[in-house]
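K.L.:
One structure follows; several queries about it will come next.
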Amino acid sequence: MMSPSQASLLFLNVCIFICGEAVQGNCVHHSTDSSVVNIVEDGSNAKDESKSNDTVCKEDCEESCDVKTKITREEKHFMCRNLQNSIVSYTRSTKKLLRNMMDEQQASLDYLSNQVNELMNRVLLLTTEVFRKQLDPFPHRPVQSHGLDCTDIKDTIGSVTKTPSGLYIIHPEGSSYPFEVMCDMDYRGGGRTVIQKRIDGIIDFQRLWCDYLDGFGDLLGEFWLGLKKIFYIVNQKNTSFMLYVALESEDDTLAYASYDNFWLEDETRFFKMHLGRYSGNAGDAFRGLKKEDNQNAMPFSTSDVDNDGCRPACLVNGQSVKSCSHLHNKTGWWFNECGLANLNGIHHFSGKLLATGIQWGTWTKNNSPVKIKSVSMKIRRMYNPYFK
């Protein structure tokens, strides 16, 4: 059996022979010997030429393969770089998108959580109110014992038996009619007539002059007794009254402010308030820290009856204010260029403290106003021969 190289050589010789025959046919003037010699020489040359061509082809192939390999390698590197950049860019955009989605979801959850908490607080307050109204314990029943005020009732009935706190009917001097009041008969000897109380925010204190004049709310819960009724109580003859402001913070801290010689001028003077000496641990917010804060000797103001001293406007925390009542969400108070006190402000829940909230600006903690949860204003008779 022939080897591949031998077969190739035989095939090459056959080709050379055929070519030689063709040349011999065209060139008849050459001799046979010359033809044979030429054929042999041509065969030898063809063989050398074939080898040379094979070498050149091999070199061209190797060079082409190297170029192709180099191009393929560069293309792979280029594609890898592009793919890597695309993955990094996609990862970053995906992270940013997910972060934004998570922030939006968290904000929505926080909002819904606050809404649920506020609704739960409202439901709890309403449930408590309904339950309280269903109960009718003896101390809350009006006692048909007409006295001038709660101090008078305490001094009269208390000499015979223990006087419970609750609803009583009083008929102060100067009043043409009797009316019902809540009497605190327990705190520091009792005999205190409650003229205002804030505990849960159920009663709306955003009222006009007529409501603050006659009073509103529930004497067993939140209420404002009324300017006319307060006037009749504190302007009786030969006596004076002490005003006691009881404050409770959201963390259940208690504080108070007390003023002797508390009285009001009549309706023609818009129930201008007068205060005596201060004592307590909550600070004197009625008089404030500056002259323009002083609410003593100021008339009462509401959103429709403006007596707050802002003529035509006053500056409050850098803000131009034309009406303190409007600034405080249309609540009524003895404003003086607004001032530091407003116990009739809007009752806020869950730690909120706004400019319209219940305010006693001199009661502070860590140099910040204390957030007030509940407050009551009580008056007690003081016998004072110098009172006019």
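Positions of Cβ are set from backbone N, Cα and C atoms, glycine also.
Below are the features I grabbed from Swiss-Prot:
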type	residues	note
COILED	98-123	coiled coil
DISULFID	Cys310-Cys314	disulfide bond
DISULFID	Cys324-Cys338	disulfide bond
DOMAIN	141-383	domain 'Fibrinogen C-terminal'
CARBOHYD	Asn53	N-linked glycosylation site
CARBOHYD	Asn238	N-linked glycosylation site
CARBOHYD	Asn329	N-linked glycosylation site
SIGNAL	1-25	signal peptide
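Describe the structural context of each listed feature in the structure shown, including burial, neighbouring residues and relevant distances.
P.N.:
The number of other CB atoms found within 10 A of the CB of Cys310 (disulfide bond), across every protein chain shown, is 21.
Other Cβ atoms within 10 Å of the Cβ of Cys338 (disulfide bond), summed over all protein chains shown, number 29.
Reduced to three states, the DSSP call for Asn238 (N-linked glycosylation site) is coil.
Mapped onto three states, the DSSP output places Asn329 (N-linked glycosylation site) in coil.
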K.L.:
Would you say which of the glycosylation sites Asn238, Asn329 has the most Cβ atoms within 10 Å of its own Cβ?
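P.N.:
In terms of Cβ crowding, the pick is Asn329.
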K.L.:
What is the separation, in Å, between the Cα atoms of Cys314 (disulfide bond) and Cys338 (disulfide bond)?
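P.N.:
About 9 Å separates the two Cα atoms.
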K.L.:
Counting distance between Cα atoms, which of the recorded positions Asn238, Cys310, Cys338 is nearest Asn329 (N-linked glycosylation site)?
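P.N.:
Its closest listed neighbour, by Cα, is Cys338.
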K.L.:
So, in DSSP terms, is Cys338 (disulfide bond) helix, strand, or coil?
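P.N.:
Where Cys338 (disulfide bond) sits, the three-state DSSP reduction gives coil.
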K.L.:
Between Cys324 (disulfide bond) and Cys310 (disulfide bond), how many Å separate their Cα atoms?
P.N.:
8
K.L.:
Check the DSSP secondary structure of Cys310 (disulfide bond), expressed as helix, strand or coil.
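P.N.:
Assignment for Cys310 (disulfide bond) reads coil.
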K.L.:
Determine the Cβ neighbour count for Cys314 (disulfide bond): the number of other Cβ atoms within 10 Å of its Cβ.
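P.N.:
A count of 20.
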